[in-house]
Amino acid sequence: MMRSHYCGQLNESLDGQEVTLCGWVHRRRDHGGVIFLDIRDREGMAQVVFDPDRAETFAAADRVRSEYVVQITGKVRKRPEGAVNANMASGAIEILGYQLNVLNEAETPPFPLNEYSDVGEETRLRYRFIDLRRPEMADKLRLRSRITSSIRRFLDENGFLDVETPILTRATPEGARDYLVPSRTHAGSFFALPQSPQLFKQLLMVAGFDRYYQIAKCFRDEDLRADRQPEFTQIDIETSFLDESEIMGLTESMIRKLFKEVLDLEFGEFPHMTFEEAMRRYGSDKPDLRIPLELVDVADQLKDVDFKVFAGPANDPKCRVTALRLPGGASMPRSKIDEYTKFVGIYGAKGLAYIKVNERAKGVEGLQSPIVKNIPEANLNNILDRVGAVDGDIVFFGADKFKVVSEALGALRIRLGHDFELLTCEWAPMWVVDFPMFEENEDGSFTALHHPFTAPKCTPEELEANPATALSRAYDMVLNGTELGGGSIRIHRKEMQQAVFRLLGIEAEEQEEKFGFLLDALKFGAPPHGGLAFGLDRLVMLMTGAQSIREVIAFPKTQSAACVMTQAPGMVDAKALRELHIRLREQTKVE
């Protein structure tokens with residue numbers, strides 16, 4: 001081997017021993033005739049000292065520059081008093097170098113690694129192989145590896161089998177657009193890259209494998225946000241003969257053990273909350289419980305007021321009128337309120353009403369707001385009592401369609417929690433349960449809230465009679481307002497699966513065409529089964545404190561779903577297109 005140790009492995013126990021290191025020159029310093037090189041490798045850094053007594057080695061050290069790849073042999077020695085570097089794992093020792101081989105030279109990097117500052121993300125992604133040399137980036141990928149190792153170990157110990165499922169499959173309606181792959185041997189036909197291994201893992205349960213897992217690549221051609229990538233990694237789990245409480249208990253144990261092993265954090269039992277309660281209190285099905293602010297419904301106090309902005313939604317069963325109290329917010333300037341008004345507009349809110357509570361003892365005179373003159377004093381007091389308002393608070397209001405108010409004030413709740421530093425703890429895991437089976441569209445049609453294979457908490461007949469009120473056997477694990485994973489008990493009877501398809505507007509012919517293999521499988525003794533899938537990238541993002549999942553993926557795509565390093569996607573030549581039976585249509589230019 002070319003090295004005896006990694007830099008991060010060196011410590012005082014090796015004092016006096018000869019070591020050989022291989023790595024990159026992170027920093028070079030010349031201090032009065034003595035040259036110091038900070039050598040960096042995957043595991044950390046070490047300081048190497050070269051003195052002029054060894055003329056040939058000293059001259060070689062004098063020639064090296066940042067990012068040269070070197071092999072160094074020397075003797076470990078303790079650093080002098082006052083020279084210990086507490087910020088470096090090997091900071092108590094240094095190596096007296098007496099042999100240096102330059103394995104490769106390096107041009108000046110496009111951005112400095114040792115004084116990293118405001119480098120644009122596109123530049124970082126263009127030179128990702130340089131960006132990943134930075135210790136903080138390498139630390140994230142090392143932690144990612146520890147996370148996957150911990151998860152694999154837990155699942156292996158609990159009897160799960162790691163089974164790979166196909167990457168080339170057929171398109172099925174799962175919500176997002178598929179990435180399509182043209183077939184050369186079947187002209188005019190296309191494979192689809194999987195959005196998840198959902199159907200294959202269910203078929204593995206039908207086949208009797210009982211406990212399956214896979215750390216799987218998944219693909220979705222969708223609009224990208226901070227927590228989305230066109231290709232992402234999923235921790236995919238499926239079991240037979242367990243109900244939802246048992247699956248939730250098992251996967252919760254996995255996450256608790258993971259945080260203990262990797263971050264030395266102890267979690268207690270995760271609280272459970274229904275979807276209805278989460279939406280009512282927090283305006284979100286993935287509430288951040290670290291923030292002690294809640295939405296409070298006040299429609300009953302505003303049904304008869306002479307103020308249509310409130311009275312209209314208060315009397316509409318599809319709408320919601322909600323208050324959100326911010327303690328100590330009465331001193332907020334109008335410019336800040338305008339900023340928050342613009343913010344909730346992103347979610348469809350037409351405005352943001354408010355009341356500043358200056359001095360409740362003075363009645364209406366002690367309240368500052370353009371809306372108080374439209375609401376009877378008794379109703380105002382009832383509202384302020386209900387939200388717990390005291391002098392110095394501000395109360396915001398939302399009145400609109402249920403979804404608009406929930407999303408707008410739910411997002412405002414999060415924004416206020418961070419802007420005013422209200423977080424009560426660092427970590428807040430939880431479960432959300434009892435999701436609706438379907439989301440009703442404006443035209444009266446239905447969309448599956450999770451996916452079409454989720455089992456309901458009722459019979460097929462009850463489901464078809466009352467689809468809008470049916471609850472599913474679905475469950476989501478949420479951490480700090482981020483959905484870590486979602487799962488459900490699956491449909492294992494053909495009649496129920498056909499009923500769900502019908503409610504989604506998928507008639508018998510289309511069912512057979514797109515899902516015939518699944519319906520066939522359900523005829524041949526499918527066991528009760530269910531599972532859960534975690535987003536690995538999101539999990540690593542949370543555990544490393546990264547701001548985006550792009551920070552925890554080795555080679556991510558940009559927000560426009562492109563790789564600036566490899567220039568993918570790229571054009572292909574005409575011959576390759578002909579073999580795939582594809583002809584590109586010329587785009588007409590708009591004058």
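Quick reminder: no glycine exception, Cβ is built from N, Cα and C everywhere.
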For the region 'Aspartate' entry in Swiss-Prot, name the matching range from 110-113, 166-169, 198-201, 306-309.
198-201
For the ATP site that Swiss-Prot lists with Arg220, Asp221, Glu222, Gln229, Gly535, Leu536, Asp537, Arg538, give the additional residue from the candidates Glu157, Glu164, Glu294, Glu483.
Glu483
Roughly how many Å lie between the Cα atoms of Glu222 (ATP binding site) and Gly82 (site 'Important for tRNA non-discrimination'), rounded to a whole value?
56
Out of the recorded positions His31, Gly82, Arg220, His450, Arg490, give me the one sitting nearest to Arg538 (ATP binding site) by CA distance.
Arg220
Which whole-number value in Å describes the distance between the Cα atoms of Glu483 (ATP binding site) and Arg220 (L-aspartate binding site)?
17
Greatest inter-residue Cα distance in Å for the ATP-binding set Arg220, Asp221, Glu222, Gln229, Glu483, Gly535, Leu536, Asp537, Arg538:
20
Specify the nearest of the recorded positions His31, Gly82, Leu536 to Arg220 (L-aspartate binding site), where nearness means the distance between Cα atoms.
Leu536
Among Glu222, Glu483, which are binding-site residues, the residue with the most C-beta atoms within 10 angstroms of its C-beta:
Glu483
